[in-house]
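Marked as domain 'Aspartate/homoserine dehydrogenase NAD-binding' by TrEMBL: 11-103. Among the features that TrEMBL reports, NAD(+) binding site is placed at ALA116, ASN185. For 163-250, the entry in TrEMBL reads domain 'Aspartate dehydrogenase'. Taken from TrEMBL, the feature active site covers HIS215.
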Amino acid sequence: MSESLRVVIVGHGVIGSTVAARVATGEVVGAELVAVVNRSPVANPPAQQLDLPAALKGADLVVECAGQPVVHEIVDQVVSAGVDLLVTSVGALLDPELSGRLPQLGPGRVLATHGAVGGLDLLAAASRGGGFESVLMRTTKQPGALIRQWMEPEQIELLRTATEPVLVFSGTPNEAVALFPESLNIVAGVATAIGSVEPLRVELYADPAATMSTHRIQARAQLGEYLFEVRNFPSRDNPRSSAITPFSVLHSISGLTQHPPAVL
Ligand SMILES: NC(=O)C1=CN([C@@H]2O[C@H](COP(=O)(O)OP(=O)(O)OC[C@H]3O[C@@H](n4cnc5c(N)ncnc54)[C@H](OP(=O)(O)O)[C@@H]3O)[C@@H](O)[C@H]2O)C=CC1
Ligand SMILES: O=C([O-])CC(=O)C(=O)O
């Protein structure tokens, strides 16, 4: 590895462009932006725009900010080149085919950002100390951010006209990330931290009065009971996701550099 961590950003959209710009200006001590990879041409990229094979030649870390399908597209290529992959679209890691192969992949590592939630360090600790009886994750967002093409017209109408909170989804983590791939990656972050999907149940609410996206994690573990409530402002450029997310990715990159202090 060179002295600084050589970073490639895949996906130069709302999240990736913020991450790329800030790594490029040296905001993450010990990291440098060497390339961006994006489906379409990027006007004035903060580093050279390359295709993935070319970008991998000079990379230590690829940061995915492009969506769950892109994780599936690139994961083998990145880690088999000995490059670490930091995943933002963490929901992809719950896919049964990919999750089954993860322990065999390498020599690069597959890493997940905590993204728009927190408390994962303590949940990971509790999973080592006896595990969980139950974990309930309840997310509330603005109705407009949750409308999906696969919904029945009646459900779309209900979301458009809601005057009070509506339960949009209740189910397993795998169902959650498959049905809401741009909105519930955080569920996979929690599942990864606790090392299992089994104790985790997910509820998604649409609230017309919501000015913030709320994620409430309520966990009952052998070592204690934990309640985390995160209230994020939605991103101005993409109301489906939280404005904090690119900064969480920057924090995750910072944790991979050699520069203390780091909270691990
Ligand atoms: N873990 C978490 O807490 C969160 C995770 N996320 C994840 O982050 C993802 C990105 O979010 P956001 O930045 O808002 O989305 P955007 O739609 O703004 O950006 C996606 C970018 O990825 C690019 N892209 C798409 N396909 C490819 C490809 N095959 N190769 C290279 N680039 C590609 C797009 O290119 P083009 O210019 O051609 O459109 C676009 O620039 C979300 O889809 C979600 O999965 C989001 C919020 C929170
Ligand atoms: O930003 C958020 O609120 C969470 C999100 O979109 C995701 O996890 O995909």
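Here the Cβ of each residue, glycine as well, is placed from N, Cα and C on the backbone.
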Where the C-beta lies under 6 angstroms from ligand 1, the matching recorded positions among ALA116, ASN185, HIS215: ALA116, ASN185
Mapped DSSP class for ASN185 (NAD(+) binding site), helix or strand or coil: helix
Candidate with sparsest Cβ neighbourhood (10 Å radius) among ASN185, HIS215, the listed recorded positions: HIS215
Confidence summary for the domain 'Aspartate/homoserine dehydrogenase NAD-binding' (11-103), mean pLDDT rounded: 97
Number of helical, extended and coil residues in the domain 'Aspartate/homoserine dehydrogenase NAD-binding' (11-103), per DSSP: 42 helix, 16 strand, 35 coil
